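Undergrad: Pulled from Swiss-Prot, these are the listed features:
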- H63, H140, H204, E279: Zn(2+) binding site (BINDING)
- 125-136: compositional bias 'Basic and acidic residues' (COMPBIAS)
- C19: N-palmitoyl cysteine (LIPID)
- 116-136: region 'Disordered' (REGION)
- 120-136: region 'His-rich loop' (REGION)
- 1-18: signal peptide (SIGNAL)
Amino acid sequence: MKKISLLLASLCALFLVACSNQKQADGKLNIVTTFYPVYEFTKQVAGDTANVELLIGAGTEPHEYEPSAKAVAKIQDADTFVYENENMETWVPKLLDTLDKKKVKTIKATGDMLLLPGGEEEEGDHDHGEEGHHHEFDPHVWLSPVRAIKLVEHIRDSLSADYPDKKETFEKNAAAYIEKLQSLDKAYAEGLSQAKQKSFVTQHAAFNYLALDYGLKQVAISGLSPDAEPSAARLAELTEYVKKNKIAYIYFEENASQALANTLSKEAGVKTDVLNPLESLTEEDTKAGENYISVMEKNLKALKQTTDQEGPAIEPEKAEDTKTVQNGYFEDAAVKDRTLSDYAGNWQSVYPFLEDGTFDQVFDYKAKLTGKMTQAEYKAYYTKGYQTDVTKINITDNTMEFVQGGQSKKYTYKYVGKKILTYKKGNRGVRFLFEATDADAGQFKYVQFSDHNIAPVKAEHFHIFFGGTSQETLFEEMDNWPTYYPDNLSGQEIAQEMLAH
């Protein structure tokens, strides 16, 4: 009996050793991913070269997730850790500080992709109570097929760089999957290009990139949860809003309860449908063979319930106030004198980043968001605006140093007043005027700052005008406004800041 027990113990030990050495035995990479889209895209690229594990399963809200000690240990034991973006997995930056970078390779799936500003999302959804949740920047790029392709490409390139011996396999797998995503993109483009109604109403404000890339407009509403009926007061507001805007469908992230669907139908005359944000797949979905592409196809079918019907543009419940000081709307009495210390610091021109293509994503967003100009037209407009040969400006409380063509020129300045200018669009701006006390200041004799502020405050960036003739001559310059940001920011960081404001 003792011999049998010893044999069993030995076999168990061998089994445990074999399990712990599985990576070495099968030669596969051990990759840990955060939530479903990241898992799916990574798995498609890695194929048989890796054991790809999903950290955040169905029933757990990715926005709210905090890794357990066991989950952290799992990541620390991986070859590669893949996440989407710190604006989605907000816990990742702290985790990265603890990782052994030599042992665990990290991939941020969004790479250098710029994100749109975030905002307050749905109230009462995801069990968030009354406040909803907030992203500084909107991370939901995977819900646009054309951007999903970019995520897959970045995962492919990152894995290939980290494991060059497997590059050929990664590229082959990615190409096959990207072909499917391109078909999905084509289906969305063709299915939505002739939309009769371009606005859709959703309880989960996750579809902004999808809307932007396919010519639609997402209108998010608050105070609705798929499994709870709204209060009588909220229902009355919704009823008025739905009827005023002739809304046919409200989209939820999961099937609304029958009670809620009946209430909305009876009281507001609106139907409900599902737009799945694909943050997870349920066990039932997985067993049914659902995946990213099949769910996105269902999302398209659901969207067409709205876009195939004629209807007026749907306005948000709460209109955004665009007449702000930053946009050029203010009272004269609010304009106050400022000192050079508001601009103190070391600044870099943004013009080189326009030239090297860093800002191309910014111009693409502007074209899609406004519809006023194409991406190429925006780039031409900003090329004229940003153009300058002054690469750096270093400012103290009373001096400015201009770095031009490798030469440094430094002068002392005094404040000489302010000027309110009215623009063609009807909005206004304030220029704060400075004059060099040095007789040899030349083209830097007269300087004007415009930073979208009208009273003393530390500038985050500024547009500058300078010349050697007079302040009055500079007032006439409206097309060239060299722009400067702190010199410790990368071009990528500046581009993201531009989208945030």
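Just so it is clear, glycine is given a Cβ too, placed from its N, Cα and C backbone atoms.
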Undergrad: So what pLDDT does the region 'His-rich loop' (120-136) average out to?
TA: 45
Undergrad: Look at the binding-site residues H63, H140, H204 and tell me which residue has the greatest number of other C-beta atoms within 10 angstroms of its C-beta.
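TA: Counting Cβ neighbours within 10 Å, the top one is H140.
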Undergrad: Test of understanding: give the count of other CB atoms lying within 10 angstroms of the CB of E279 (Zn(2+) binding site).
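TA: A count of 22.
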